[in-house]
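A.B. asks: Quick paste from TrEMBL:
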- A:Glu257: active site, proton donor/acceptor (ACT_SITE)
- A:His256, A:His260, A:Glu286: Zn(2+) binding site (BINDING)
Protein chains: 2
Amino acid sequence: MTALTDLFAFQKETEALAQIAGRLGWDQETMMPRGAAAQRGEEMAAIESILHARRTDPRIGAWLAEAGEESPSQVDAAQLRHITRSYERASRVPADLASELARVTSVAQGQWAEARAKDDFASFAPVLERVVALRQQEGQALADGGDTYDALMDDYEPGATAGQLESMFAEMRPRLVELRGKVLDKPAPAGVSGTFSDADQMAFTAKLALTFGYDLSRGRIDKAVHPFSSGSGSDVRITTRTNPDDPFNCFYSTIHEVGHACYEQNIDAGYALTPLGAGVSMGVHESQSRIYENQIGRSRAFTGWMYDEMKAVFGDIGVDSADAFYAAVNRVQKDFIRTEADELQYNLHIMMRFDLERALISGDLPVTDLEQAWNTRFKQDFGYDVPKASLGCLQDVHWSVGLFGYFATYSLGNVYAGCLAQALRADVPDLDSHLAAGNTAPATQWLRDNVQRHGGLYAPREVIGMACGAAPTAGPLLDYIEEKFSDLYQL
Amino acid sequence: MTALTDLFAFQKETEALAQIAGRLGWDQETMMPRGAAAQRGEEMAAIESILHARRTDPRIGAWLAEAGEESPSQVDAAQLRHITRSYERASRVPADLASELARVTSVAQGQWAEARAKDDFASFAPVLERVVALRQQEGQALADGGDTYDALMDDYEPGATAGQLESMFAEMRPRLVELRGKVLDKPAPAGVSGTFSDADQMAFTAKLALTFGYDLSRGRIDKAVHPFSSGSGSDVRITTRTNPDDPFNCFYSTIHEVGHACYEQNIDAGYALTPLGAGVSMGVHESQSRIYENQIGRSRAFTGWMYDEMKAVFGDIGVDSADAFYAAVNRVQKDFIRTEADELQYNLHIMMRFDLERALISGDLPVTDLEQAWNTRFKQDFGYDVPKASLGCLQDVHWSVGLFGYFATYSLGNVYAGCLAQALRADVPDLDSHLAAGNTAPATQWLRDNVQRHGGLYAPREVIGMACGAAPTAGPLLDYIEEKFSDLYQL
């Protein structure tokens, strides 16, 4: 077993270095002095160059060839599957292209932020053109004759194809559009109002994180401009932000990130610093963040508990019953921003981005026409005009850093969360009585046992299918959304 | 110039990776969740192994050989001097020995902390024996036939020898011992007392850091159990700690770390991520931290300003005049702990460690006899008994992590600071009038121009000699201490 042993030892060191790179990213968003940005760029480039060299190290090919003659255990076979896939993909991308992509996207991200601040898409277009061109090249190299966009998507959701997603979206769109029409015809419920100090929000958010099972002995909560979770194994950190007028922004982004973080924290400890020791795909990751945030965190039962807790901390919060609180948490509004969208409209934002980015990658949509195309499509899908680029095609960072093929995983996550929630409620029929008492353990334990602990052992659709007893489809999510909002808006 | 270009590019990446390793160390002491320690060990091992491989990469030898035929500029020649030295030293140490040392010292540090908490030297002795044995081996490999201890010391203070330090200490000891006798015969001045909240101490310490020129746009201040500074170039962070009964612990450790940090921050920006871009030796580093802390921060003029500032923030601080405050800041007491020692006694602590560790490395002192030898020597040097190991031979972390040859650099730093302070006062005759107004700029600017900006361009004694116009000796430090404490204690 020498080849396997050597390969796994090499891989473990690579995973440890990847954790370090991730921690540097965390530091950059939370702790780094602002004057350190240029030096940090050099540091990130150095470790990324080491990682790229390791991921394409020809010794991996030799070890894999030798290991192919062994009969590995189920776990080792899964490890080998991940290592083989990563090695083959990394080896297909020329080193020059990889480093050019790293360089250009790092510049593009800064230019995107500047352009967004000025609502000036034209100043961002040239660098975005360069990013698209490089990702097209990379996609072609990865596809090796297959579909370029699918090859890019495979980085985030192994095995998913644009065709599958098209069918899924085709099933979702009419039901969501119809429901939205009915809901927006009704008067909007009131939001909360009151005094929500930064310190009180942070204390409450920490309480929520613990309530959802986040292990602070292996994590921490800090503030960042855009909330994220970061790290695997025994060092999984989350960030949040506070807004004095909107405590839900803080609380629900915390619950969302806790979903991601608990997935990482609850993976079998034996997989630490191996390819199995991290969430298996972005879609499955998002299923955990979404089910924590929405099906659990925004449920009538849980918000009932949260209403009392918030009143105890913040006093008068401007709504006078648990029902009104539940309505405030779930209110559906005309808006422009994906990250702030309610459960009903969120996936409509994704469908738009999915179509637009496929057109960018295929070349059917020139980058210079993106703003126009976005605004036209938004009007068509949402019925009102985008007033400025920061509320339109400049709202998301993704494309600036080359994340084409990523957006659809958010909807996949929602769909998976819909399936998991259905199975969870079948297995734990008295779930609401626990949630109403602020006890999420029956839900989080079920997710841990059925999804989280497996890490990368199974393929994405496989682990969801095993947890639910059936292949995932959009049906359960759509049924759940229709039921929830029909009830809320008395349709 | 291809060899030089390639060598410098390779070196820059190595320096960037070394900065990352340093930042991980910072994270470990300030931010890391306690449950992440084991995983962090793997991460540190991975990056240290990359660094070791790069420092001994045979391509460096080839580039150096080729570059030897060029005529480099003064700066490039200095870069080559550092790279050659580092490559030759790293190449002399077998990889097995290097990794065994890393492994054992990481374990030993934990065992030291446990032993110290229990005042139980015997439980620490076995692992310390192993550390000593490994460092003996390493020292022999590095010495290449020369003196083992000198070879170890060369890591921290290039060019320094035990012989030089012996002479230096021989000059210092009688004058310090005589002065201490006179001072301890006098009544001890009162200390400060009052209410020193954590938040107020942290706010005041940040003000002090800014007063001494620390650039917070390229640094930050956090709390740690043991204060330290970390990083080079544009990301140089410091830590401090608070004790409700002893605000000076916080304030003077901050000023000390700011001295280290300003040295790093003020190095010529063109040297960033090169061997010249960091402090040239531990002794020169300590000269900066000490002159900030002592000759400036504990001066009568500066403490006069600080007295008013402290009263404004903390109200009644238990001393009723600037003179009494000055006496409190500088009071000499019988104590056991090096890090809390006053300027008069500090170097006597170092002399003890210097002699004991040389005996450990030569083998004259078996590790099992260390506690006994420490206690005997302490009684002899200080005149009273050590009551427990945490106040004796277990007080410092250094030996557990293999830092033999390091302690003497603290005294070298004090001696260098003495020389620099003398030269500074000659160049800036009205220094005290500035310090009395809380303006340290004339002093810090002088240090920046004469020492800090050079980074690694000159050898340690060379840069101090250039700044002072004469080779460094212990005389100025001793004169300064005698004058200061004779005045304070009216001898």
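Even glycines carry a Cβ here, placed using N, Cα and C.
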A.B. asks: Mind giving me a neighbour count for A:His260 (Zn(2+) binding site)? Other Cβ atoms within 10 Å of its Cβ, every protein chain shown.
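C.D. replies: By my count, 23.
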A.B. asks: Give me the Cα-Cα distance between A:Glu257 (active site, proton donor/acceptor) and A:Glu286 (Zn(2+) binding site), rounded to a whole Å.
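C.D. replies: Between the Cα atoms of A:Glu257 (active site, proton donor/acceptor) and A:Glu286 (Zn(2+) binding site), the distance comes to 9 Å.
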A.B. asks: Count, for each of the recorded positions A:His256, A:Glu257, A:Glu286, the other C-beta atoms lying within 10 angstroms of its own C-beta, and report the residue with the smallest count.
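C.D. replies: Fewest other Cβ atoms within 10 Å, among the recorded positions A:His256, A:Glu257, A:Glu286, is found for A:His256.
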A.B. asks: For A:His256 (Zn(2+) binding site), which of the three DSSP-derived states applies: helix, strand, or coil?
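C.D. replies: DSSP assigns A:His256 (Zn(2+) binding site) to helix.
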A.B. asks: Can you name every residue in this chain, apart from A:His256, A:His260, A:Glu286, with its Cβ inside 8 Å of the center of the Cβ atoms of the recorded Zn(2+) site?
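C.D. replies: Neighbours found: A:Ser229, A:Glu257, A:Gly259, A:His285, A:Gln288, A:Ser289, A:Arg290, A:Tyr292, A:Glu293, A:Gly413.
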